[in-house]
Amino acid sequence: MALLNNQDEIVRPVANFSPSLWGDRFHSFSLDNQVADKYAQQIETLKEQTRSLLSDAACGTTLAEKLNLIDIVERLGLAYHFEKQIEDMLDQIYKADPNFEAHDLNTLSLQFRILRQHGYNISQKIFSRFQDANGKFKESLSNDIKGLLNLYEASHVRTHGEDILEEALAFSTAHLESAAPHLKSPLSKQVTHALEQSLHKSIPRVETRYFISIYEEEEFKNDVLLRFAKLDYNLLQMLHKQELSEVSRWWKDLDFVTTLPYARDRAVECYFWTMGVYAEPQYSQARVMLAKTIAMISIVDDTFDAYGIVKELEVYTDAIQRWDISQMDRLPEYMKVSFKALLDLYEDYEKELSKDGRSDVVQYAKERMKEIVRNYFVEAKWFIEGYMPPVSEYLSNALATSTYYLLTTTSYLGVKSATKEDFEWLAKNPKILEANVTLCRVVDDIATYEVEKGRGQIATGIECYMRDYGVSTQVAMDKFQEMAEIAWKDVNEGILRPTPVSTEILTRILNLARIIDVTYKHNQDGYTHPEKVLKPHIIALLVDSIEI
């Protein structure tokens, strides 16, 4: 934020955010209706063939064959077409095999992970048969690479106190790392990829794009599934490009790049974020709403963090609390731009949702916006006063400024099934939401520590922890990483049955956690600096189609 010098002149920092990587690339997109219709017709035929595959598997195949088919359909991004059919199959599997009698590591690991991901509270003890008297996994398993790979993936759905799964992670990781250089493709690629990014913590759409290319190399692939996946991917990508074009034009019309040059220009990255929350076609409205909100809160964040002075920010904060366009007259010229855009955006949401009689839920998102702005102002005052709070005080404020209370609430606006009761549940900050917010906060703090330190920020989470406990930077970062791992266990626990809300609602929270794991990979801030982390994903998901 800006400071006053000894002559009471405002000294504003020169914005050093890199420009958008994309320019006008996504501003216009013309849908080829002929190609889209052709794809859609083929997809309908392939969908029925896949439905038959699932029906046949449900009636007359082995447990391993059932699980493998479900796993492939999910990884290829096709499961949204067959949700009830897959749920019925899994319920059948769960009831038919209550003692988990599969004897091979591969099948049991696959069974455990898939059932856990669908909310079944399966005990970790089913893996004890693969351990010796000392609780160590038997070395005889070290040659079962597929089994180890599925054990590794299964270990990432662990919750608190699951020591067997902790041991499973360590054991499988060590042996997969040792084996990886000696494996043949496509298994070698799968192992290397998994060690870099576990399936459970990855963005589903990113994994779909990756797995289609891997599945194509498989010797015993199903050509119906492969073609279905490619066509479905490309058709859905057309919809995503249309939505991104809408968001990009909205962003360009606001002209923040010119009027607010201190702020990050990240509309494309904002849209990518929403694809992580929900990629399926029925969430089109939700994606556009969420992308615009992320872009808007980024502007507000940078206004507090990189430009405004305390007196300006105090008025700005108060104006947003009052949420009235008449407050604009109190603001300096540059703040009027974002203030009006903010109020206009939420008014648009109300108009849009009124068509379905749901405009009242926008108020929940407004309250979260007011909350985050209040907390941004607290951080601004800490900065100007040179105040370093105890880490507990820091976190109580910084959880809101992570943006995840706001973004989770906003993610439900365009979800037609989200009821007022769902928003009320979320407004009470349930444990799974608190975990998600904590995850976002501590991972962000690790990734942005050096940059914030360079900008003179002293009230960072890492600095506060170091001061409170008299420890080194590395020890503080290790502690924050430990907090992230605890948060992930809370998230995993929160999706297990019985649940207070629907799976559709909980999946948004899980997916928001996954976005953090991908965006901040290797402690990099992929949103602010998308060149290394997000650019390859954006090209794969929004530029390059799959060759049919």
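Glycine is treated like the rest: Cβ placed from N, Cα and C.
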- Message: Labelled motif 'DDXXD motif' by Swiss-Prot, one stretch among 136-140, 241-245, 301-305, 526-530. Can you tell me which?
- Response: 301-305
- Message: Tell me which of the binding-site residues D301, D444 sits in the most Cβ-dense spot, judged by other Cβ atoms within 10 Å.
- Response: D444
- Message: For the C-alpha pair, I'd like the distance in angstrom between D444 (Mg(2+) 3 binding site) and D305 (Mg(2+) 2 binding site), rounded off.
- Response: 15
- Non-site residues, in chain order, whose CB comes within 8 A of the mean position of the CB atoms of D444, T448, E452 at Mg(2+) 3: D445, I446, A447, Y449, V451, T460, D525
- Local Cβ density at E452 (Mg(2+) 3 binding site) - other Cβ atoms counted within 10 Å: 19
- Roughly how many angstrom lie between the C-alpha atoms of E452 (Mg(2+) 3 binding site) and D301 (Mg(2+) 2 binding site)? 14
- Query: For T448 (Mg(2+) 3 binding site), what is the tally of other C-beta atoms lying within 10 angstroms of its C-beta?
  - Reply: 21
- Report, as a single number, how many Cβ atoms besides its own are within 10 Å of the Cβ of D305 (Mg(2+) 2 binding site). 20
